[in-house]
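Colleague: So TrEMBL has the following annotated:
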DOMAIN    1-212  domain 'Glycosyl transferase 64'
TRANSMEM  258-281  transmembrane segment
TRANSMEM  340-360  transmembrane segment
TRANSMEM  372-395  transmembrane segment
TRANSMEM  415-437  transmembrane segment
TRANSMEM  444-467  transmembrane segment
TRANSMEM  473-491  transmembrane segment
TRANSMEM  498-518  transmembrane segment
TRANSMEM  559-580  transmembrane segment
TRANSMEM  600-621  transmembrane segment
TRANSMEM  641-667  transmembrane segment
């Protein structure tokens, strides 16, 4: 049941509509809910409501047959709707005439049912992040709506908002023929037990009619002020929205001066660029143009690190969720996702992987094995098992437990998956290069076989039990591209100039436009490999895929799907190579070293900085939040541009700080444990200097002293 709240790749909008299958509202009413949510995007909006009467075990007005579940502190009383036949001539055109019209008459309520919900997708992510809550839903095969209400109210410290709009119910559900799930005292007992268990996961006062379902997490680390608690207690009782709704229309929110915000955002971005660049230039002075072909990878990694931080900060904090506005036509995706989703995160991650594949070229040597040990395997173990638990304890207050070791092996939702995958990919590269050299064959057939075998395994195994094999399989073709593609030769052949830059910019613009038209998303899931569903995201491929599956039957599906699954990462890799050759600066800049030596530090440590920002943002005064340029009142293209420039500037500064020499020196014992390898294996042999190709010393002396 938890999968209904999973944030799949196809969900690109910030807002989400959750709808049960037994009740629905008209399109006009749904639009009203969405418009209301846009005014208060942190709240949960809905139409139907249920009431929970909180009574003691010895209450005199207990429910009928309540003695069978007296051990529960809470007794669940549902407010069932009253349904009437559709006799009005004003029935919405999208509602069948035989569908009853239902009314929820209770004015007091505690939770909202998904009939429907409109909420931010960040609450769906929060829902999936707590294993205690999702396990409760799995065990009870119910309770999902109660748990999600608790997630939202815990974050907002406010009750959900129910609008008085018509709700319609299928006839089978209205007359009781299909109510086998929610009838009888067992159902009430189950709901009460769910409510009790959900409340046990939170601290603070218990649920009551005065507080509604405003829970607080035991491990949230946030303390409500007395004023906030008073607001919570008084605002959760009645079914009263905080704004007036008249004749189905919301009052138009006064627009801010978007041009002013745009100018301020541009000025702030230029200031951050200048200060950050000057600081890095003084810390890491450029070493000349002799390493231009190496500098481009450092520049690319730094740029990708900034975009990655931007994407994660947008997801976790939601500091610049703005109203979509009419800037781009085509669908209801937000401004951010219409413009930035084609670039982040899949393209950014593919860029990291392609560059990693390129720098990993070559056969295995003792020095390369030592490099894997020092730069990949040991840093992964030390970071996951030692450094990350310590940082989580000091930053988030999470005490390390026995689950720490398990998290080392199963890092699917965490950043460690990249280190895990690099270890496997590097071992595959050693094996492929060794086999190709042994038999004297080209390298590409070996990588083609490895990629097909990995994709084929996904059609057989399903979800892996250990390690983040999902990401490893997804991006393996991109690593193979880095291994095989003659990137250095391409960079030598394509001279950087204005026309080349313009071509790269045009290709990137076409990429963004194509994503908007095709509605393409990130790389397909393992389920998509098995069921061939992912290619609905790329409609151009559907006819060929269906034809191949039809011709080959089950075997065609089994063997064709892995080959087609390689297509998305290859497409991303081609885009990365084009951008490297046309857009990314090739000369050494003040950001080159930060993106070279510091890119791993940026990648691993930025989640802790973001998580430390969340409590501070939640505690900001409402008046200050309303004055920020990231507020929802920014409803124009210029205002949006200012917001995103402000966000990118903030992420640029954060990436520069995380890659400075001070932090590199502080964490080097963990991230480059050369000392540990020397202790175990001994110091590496000294490198023999290469013979000089210049004139001999005697000749130089003879020339200098005739």
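From the backbone N, Cα and C atoms, a Cβ is placed for every residue, glycine too.
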Colleague: Taking the transmembrane segment (415-437) as the reference, which of 372-395, 473-491, 641-667 gives the largest number of Cβ pairs under 8 angstroms?
Modeller: 372-395
Colleague: Same chain, outside the transmembrane segment (372-395) by at least 6, Cβ under 8 Å from its Cβ: which residues?
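Modeller: Distant Cβ neighbours of the transmembrane segment (372-395) are 404-405, 407-408, 411, 416, 419-420, 422-423, 426-427, 600, 604-605, 608, 611-612, 667, 670-674, 676-677.
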Colleague: Are there residues at least six beyond either end of the transmembrane segment (473-491) with Cβ under 8 Å to its Cβ atoms? List them, or say none.
Modeller: 293, 296, 349-350, 353-361, 421, 425, 428-429, 432, 443-444, 447-448, 450-451, 454-455, 457-458, 523, 526, 566, 569-570, 572-573, 576-577, 580-581, 586
